[in-house]
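Here's the structure, in structure tokens; my notes come after.
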């Protein structure tokens, strides 16, 4: 039951962070492009790479810490459902170029940020 609590706690923190970060970033840029979701997903991609390389592979942290940080915190911080809906909305609104930039950018940059996080975690 302790692992479930760790996931729930991390998820609550990650979801609150996602809400706040998305809102701040979206308001800062003030554009219709879904930059808030892109930002939190890229931050999450970076940290999942970092956490796996450093905490899991190097430090071998216990399952509760992994559940709290990776499944909970990063699972709550990142959002596939919002990404999917925003992508669909761009298509529905006829914003084909924005749709392509958003979907390709999220996927390509997400993998790249995961790679960067992993490399940083390995180097520590």
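Each Cβ is built from the backbone N, Cα and C atoms, and glycine gets one as well.
Sequence-distant neighbours of the transmembrane segment (1-21) (same chain, 6+ residues past either end, Cβ-Cβ under 8 Å): 36, 39-40, 43, 63-65, 67-69, 71-79. As annotated by Swiss-Prot, transmembrane segment applies to 1-21 (among others), with the evidence given as sequence analysis.
Annotated transmembrane segment per Swiss-Prot: 35-55 (among others), in sequence order.
Taken from Swiss-Prot, the feature transmembrane segment covers 68-88 (among others), and the record attributes it to sequence analysis. Listed as Cβ neighbours of the transmembrane segment (68-88) (distance under 8 Å, sequence separation of 6 or more from its ends, same chain) are residues 6-18, 21, 34, 37, 40-41, 43-45, 47-48, 51-52, 55-56, 99, 102-103, 106.
If you look up Swiss-Prot, you'll see 75, 78 marked as Na(+) binding site, on the strength of sequence analysis. DSSP assigns residue 78 (Na(+) binding site) to coil in the three-state reduction, placing it in neither a helix nor a strand.
Feature annotation from Swiss-Prot assigns transmembrane segment to 99-119 (among others); the stated evidence is sequence analysis.
Cβ atoms under 8 Å from those of the transmembrane segment (35-55) belong to residues 17-18, 21-26, 29, 61, 65-66, 69-70, 74, 77-79, 82-83, 86, 102, 105-106, 109-111, 113-122, 124 of the same chain, restricted to positions at least 6 beyond its ends. Non-local neighbours of the transmembrane segment (99-119) in the same chain are 33-34, 38, 41-43, 45-53, 83, 86-87, 90-91; each lies 6+ residues outside the stretch with a CB under 8 Å from one of its CB atoms. Of all Cβ atoms in the shown protein chains, 19 besides its own fall within 10 Å of the Cβ of residue 75 (Na(+) binding site).
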